[in-house]
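Record features (Swiss-Prot):
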BINDING   ARG77, ARG102, ASP129, PRO130, MET131, LEU132, ALA133, THR134, GLY135, GLY136, SER137, ASP199  5-phospho-alpha-D-ribose 1-diphosphate binding site
BINDING   ILE193, GLY198, ASP199, ALA200  uracil binding site
Amino acid sequence: MEIRVVDHPLVSSRLTIMRDKRSTNDVFRAALSDLGMMLVYEASRDLSVDTFPVSTPVDQADGFRLTEPPIIVPIIRAGLGMVDPALSMIPDAQVGFIGLARDETTHKPVPYLEALPDDLSGRPVFLVDPMLATGGSLLHAIRLLASRGADDITCICMVAAEPGVQALKAADLPVTRLVTATIDPSLNEDAYIVPGLGDAGDRLYGPRNIDL
């Protein structure tokens, strides 16, 4: 699995805004949207393209389009914040959904939604979730995708924790690459990333007050 940490001043500035506990929900959302576009741009670097002739107002030129646009799969809830940024970069991408909540006692993922194409064979998949902490949610989602034939999965996360990265590397699953803005060193006793940025879902949308 390739691990790609995007080193860029604009990436760092948006990540700083997201980390800052003073950032309000709207400021956090705006920074996440900007950072999401940057990470999707980087994740798309290896997508295959077809060439075709295009007529400019002056002459002919070579045109380029994606051979197979990826399917964007957010892990709900926080992953929803990355859908619009991804679609702004790849407007012809299809979107699937995986809903997972975190059991605050066990820190294990609790699935509650799955809306995916039946056959993902041969299709690039961008699995998006702002946070990679223990890796439990991401691994659960990857197994769902693999069960439908996905064999080219790119995980796009804003912040990854070293324990989650190691869990992803150790899993025998079809993960091609991880694209992230940073790898933080550890998790606390509540399995939150340290230093991290808190609960991305809460900072996007407010506290979740429904037990699943």
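Here the Cβ of each residue, glycine as well, is placed from N, Cα and C on the backbone.
Feature map: annotations from Swiss-Prot on the structure.
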residue: ARG77; record: 5-phospho-alpha-D-ribose 1-diphosphate binding site; DSSP (3 states): coil
residue: ASP129; record: 5-phospho-alpha-D-ribose 1-diphosphate binding site; DSSP (3 states): coil
residue: GLY135; record: 5-phospho-alpha-D-ribose 1-diphosphate binding site; DSSP (3 states): coil
residue: ILE193; record: uracil binding site; DSSP (3 states): strand
residue: GLY198; record: uracil binding site; DSSP (3 states): coil
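Looking at GLY135 (5-phospho-alpha-D-ribose 1-diphosphate binding site) and ALA200 (uracil binding site), their Cα atoms lie 15 Å from each other. Cβ neighbour count for MET131 (5-phospho-alpha-D-ribose 1-diphosphate binding site): 26 (other Cβ atoms within 10 Å of its Cβ, all protein chains included). The CA atom of SER137 (5-phospho-alpha-D-ribose 1-diphosphate binding site) is located 14 Å away from the CA atom of ALA200 (uracil binding site). ASP129 (5-phospho-alpha-D-ribose 1-diphosphate binding site) sits 12 Å from ASP199 (uracil binding site), taking the Cα positions as reference. The Cβ of ILE193 (uracil binding site) has 25 other Cβ atoms within 10 Å, all protein chains considered.
The two recorded residues, ARG77 (5-phospho-alpha-D-ribose 1-diphosphate binding site) and ILE193 (uracil binding site), show a Cα separation of 17 Å. The least crowded of the binding-site residues ASP129, ASP199, judged by other CB atoms within 10 A of its own CB, is ASP199.
Neighbouring residues of the recorded uracil site, listed in sequence order and excluding ILE193, GLY198, ASP199, ALA200, comprise PRO130, MET131, VAL159, TYR192, GLY196, LEU197, GLY201, ASP202, ARG203 (Cβ within 8 Å of the Cβ centroid).
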